[in-house]
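Database features (TrEMBL):
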- B:12-33: transmembrane segment (TRANSMEM)
- B:39-57: transmembrane segment (TRANSMEM)
- B:64-81: transmembrane segment (TRANSMEM)
- B:87-110: transmembrane segment (TRANSMEM)
- B:117-138: transmembrane segment (TRANSMEM)
- B:158-179: transmembrane segment (TRANSMEM)
- B:208-232: transmembrane segment (TRANSMEM)
- B:238-258: transmembrane segment (TRANSMEM)
- B:265-287: transmembrane segment (TRANSMEM)
Amino acid sequence: MASVHRFALGSIAALALSAVAAPALAQQGLDEPFQKPFREALAGKTVAYVPVAMNFDLTEGWYAGLKKELEPYGVKFVIRDPNWNTNAGAQAVTSLISEKPAVMVIHNPDVQTYAKLLQRAENEGIYVIQINMGSAYRSSAFVGANWIEIGERQTEGVVKACQGKSNKIAIIQGALSAAASAYTLKGVENILAKHPEIKVVSSQAADWDAAKAKAITQTVLKQNPDLCGIVGFWDGMDIGTAAAIKEAGLTGKVFLATSGGGERKGACELVKNGSFDLDMSYDVPTQAAQMAGTIKWLLSSGVKAGSVKGSEYTTLIPITKENADTQTACWNLSDLKK
Amino acid sequence: MKRVRVSQQEIVFAVFAALFLTFSVFLNGFLSADNMLTLLQNVAVLGILGLAMAIVVIGRGIDLSLIAALAVPAGLVLQMVQNGHSLPASLLAAGLLAIAIGLVNGWLIAYAEVPPLFATLATGLFVAGLGQAALFQLDVVQWSDGMAGFERLGQGSILGIPTSIVMFVIACVVVFVLLRQTRWGAYIYAIGDNPFAARVTGIPSRPIIVLQYVLAALIGCFAGLVLAASVNSMPTRIFNSTLIYDVILVVVLGGIGLSGGRGGVVNVIIGTLLIGTMLNGMTILNVPYAGQNLIKGLVLLIAVITDTLLNPRNEETAQQGDI
């Protein structure tokens, strides 16, 4: 009898115990097996950044965005600023190859200068990510704007604005050797081929320089006061183009399409005050996030440098009067740096 | 037989006249009053810089820091106003910075006797670096609301003449009076002509050399403000452009010899007109970028070769301090 009683008591105790213990067991959690190797793959690695120059919205934005995404994982982020000097840039890339960072983020001044160097870097086991302006060599990843699309969409905007008007347009190019300028021009040509009625009265390079862009535009507008549109190749330079249009009293009459990184002061504010009619933004913070994502993937995957090659073209944001006021169209460099 | 003696100034003027005539005849819309004003407007800042360089070159120096003096003080004004300072305070700071640049240049050259080429090369780099590292947030300093009204220094027109041309004219008059009507001007010519003779005759050479560089920096700063007002921002990396060569081109092409002591405001105007006519004509003709450089180089070569043929070097001129 006693043993039966003891058995019953034991069973109740065991039941009670298991009732308490079951939730406790669930609370113990499961070890996610991939995050540790991910952290180990990133910690202590060096990512080197070679822009064409610091101190302007694009390169500062990429820098701030990458830093924010990579440094919390213990990645060492170094910068070599060639300050618009292509030779200094080539030297920086060369010396980096011997320093062997894990990843190099490269902003090419033109399609040729760095091409061989980037190939050498990948042969040495360094992942190379090219940003916005690519070189002739295709590396692990290209993150950036599709310039041909930018040229096409800007020109479509201008052609549409010219309907029923003089059909005379001008093109203000950047620096002729830069990929951004040459590819955008191709996009412009693609659209113009479909619109034989459009006449290009001037197509000149202003070398990314606002003062030069202003001088060219002034002369063109004096010759062609009935001009209906201008395709400009960078908003930083087209401040000058816009100043010339304003000075001629033609704001609103000459449609100015341009492109840029979409920083609030340099893009949305200028669209709002009528300087630009269309600014195709390639959205620098998103580009930075895509680059950071690619870097994390490459480092954690352990693929051999140069064995994978891909592109991530940025989804463009057309900034016009309609959306220039919204929170999402532009970004603030000061916020990104926080 | 009497030798034909034509000065470089006259040769350049002839080249300018020939170009001008050709463009007027063959280029539709070149000779309109509107286009003439645009032509001048486009080279007004270059012309103002030419005046600054002329003062220094006449005094047998050269100022390679001129573009830094254009970019950094003017950029400082825009940046300070953007950061909430008042416009007058910002202008004062810029003026003081320009004077400081001039004083350092002048001291290095006149007292420490560093050759002007090296002294101004170094100070220019230093000032441009200072701007990028310590003063500006971005290379292109944007216009802000606090600058409202100031854009009239480079935009719009006074009595139908674009403001930047008016500013160039004012600068021409001031520099002309300074060089030709004041004792300081006479001293600058004397020092440029023969620095040792000038010192022997009791001219305070060293302070006058310092004055030259201070004037150049101040005029450079003024040109920078006109440029900033004109494009509604200050692209400070203009320091890395080839603008300094264009300025030297204007001065040398206009006939102010690098050996000092010769030339004046008229030479700067002629040099500026030639460059302006070439740029304007080529823009109307839609000559591509590479072609423009080719033509600029060709015209410069023709002017220099003609000068060498007509005014062959002799022992005296060969010993002058050409760079």
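For all residues, glycine too, the Cβ spot is worked out from N, Cα and C.
Automated prediction, rather than curation, is the source of TrEMBL annotations.
Here the structure is a predicted model, which means the values were calculated and not measured.
Sequence-distant residue pairs (6 or more apart) of the transmembrane segment (B:117-138) and the transmembrane segment (B:265-287) include fewer than 3 whose Cβ atoms are under 8 Å, leaving the two stretches without contact. Take the transmembrane segment (B:208-232) and the stretches B:64-81, B:158-179, B:238-258, B:265-287: counting Cβ pairs under 8 Å, B:64-81 has the most. Looking at which of B:39-57, B:64-81, B:238-258, B:265-287 has the most CB pairs under 8 Å to the transmembrane segment (B:87-110), the answer is the stretch B:64-81. Counting Cβ pairs closer than 8 Å to the transmembrane segment (B:265-287), the top stretch among B:12-33, B:64-81, B:158-179, B:238-258 is B:238-258.
With a cut-off of 8 Å between Cβ atoms, the residues of this chain six or more beyond the transmembrane segment (B:158-179) that come close are 37-38, 40-41, 44-45, 47-48, 51, 54-55, 58, 152, 185, 188-189, 215, 219, 222-223, 226, 230, 264-265, 268-269.
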